[in-house]
Amino acid sequence: MYKLVLIRHGESTWNKENRFTGWVDVDLTEQGRNEAYQAGELLKEAGYTFDIAYTSVLKRAIRTLWHVQDKMDLMYLPVVHSWRLNERHYGALSGLNKAETAAKFGDEQVLVWRRSYDTPPPALEPTDERAPFNDPRYAKVPREQLPLTECLKDTVARVLPLWNESIAPAVRAGKQVLIAAHGNSLRALIKYLDGISDSDIVGLNIPNGVPLVYELDENLKPIKHYYLGDQDAIAQAQAAVAKQGKAG
C-alpha cells in the first residue's frame, strides 16, 4: 500500500475577500499561515514524514509548503515547483468578488463557472495585464499551453502529465509524497484518482490547509482517503467553500 498526502494552501488574502484568484499570485493571510503550521503539526503528530514534495509556482501554495516543512523539520526536502499544479485559471473573473459576481449574473451561472466540469468563464484578452505570457515564471512554457481561461476539464488535462510523468513514478518507487497545491488542481487530481463523474465533481469542496491522506493499492487506485483533524470543523470548512459563490 502507498500513501499520498494532498493539502490545499492556507487561506489567502483573496480567499478572505471572497475573490476569484486563479493564477493571480496573492499571499497567505495570518490565518492561512496558521492553518499551514497546524497542518504540519497534524502530520508530525500522526507520524508522517516525506521524501519529496510538489507544489505550484504560486506563493500561497509555496508558502503553505514552507510552513508545513518548517513545522515538520523537513526544510531540506526536495521540492518540485510546477505550473501544472497552479490553480485553475479564472479568466476574466480573476480578481472579481464572488458574491458580487453572483448578484450580477445569478447564483446558477456563477456555480457553473466555479464548479462545472467543462464550462470555462469568459477568457482574458491576450493583451490583458493578467495574462500569463509576460510572467517570467512561465518563460519556459510554450505560449500555446498557457491559458487565458480554464474549466476543470482543462485543469485535469494540465495536471495529469505531471502526475503520470513524475508524481506517480515517485509514489510507485516507494517515496512518501506531499502535494501542496490549490482547490481546483487538487479537485482535478482527485477526480482522476477516484474516478468521479463529470456531474458529481461539482459537489466536491476542499477546505484550506487540511491534510488529505490517500491510501493507494499497487495500481495507485484509492483504497480509502481521509482528512486529518477535527472532522466537524472540516465539514464546516467544506460547507463554507461551497457557499463562496452565492449572492446571499
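From the backbone N, Cα and C atoms, a Cβ is placed for every residue, glycine too.
Taken from Swiss-Prot as is:
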BINDING   8-15, 21-22, R60, 87-90, K98, 114-115, 183-184  substrate binding site
ACT_SITE  H9  active site, tele-phosphohistidine intermediate
ACT_SITE  E87  active site, proton donor/acceptor
SITE      H182  site 'Transition state stabilizer'
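By the criterion of other Cβ atoms within 10 Å of the residue's own Cβ, the least surrounded of the recorded positions R8, H9, R88, K98, H182 is K98.
Here the C-alpha separation of R8 (substrate binding site) and H182 (site 'Transition state stabilizer') works out to 5 Å. Rounded to the nearest whole angstrom, the C-alpha distance between W14 (substrate binding site) and E87 (active site, proton donor/acceptor) is 13. The Cβ of E11 (substrate binding site) lies under 8 Å from the Cβ of L28, T29, Q31, G32, E35, N208, G209, each on the same chain and at least six residues away in sequence.
In space, G183 is the closest of the recorded positions G22, E87, R88, K98, G183 to H9 (active site, tele-phosphohistidine intermediate), judged by Cα positions. Straight-line distance linking the Cα atoms of K98 (substrate binding site) and H182 (site 'Transition state stabilizer'), rounded to a whole number, equals 17 Å. Long-range Cβ proximity for E87 (active site, proton donor/acceptor), meaning a same-chain Cβ under 8 A and a gap of 6 or more residues, is found for T21, G22, W23, S56, L58, A181, H182, G183, N184, S185. In terms of local Cβ density within 10 Å, G22 ranks first among the binding-site residues G22, G183.
Neighbour count (other Cβ atoms within 10 Å of the Cβ, all protein chains): 20 for W14 (substrate binding site).
Look at R8 (substrate binding site): DSSP puts it in a strand.
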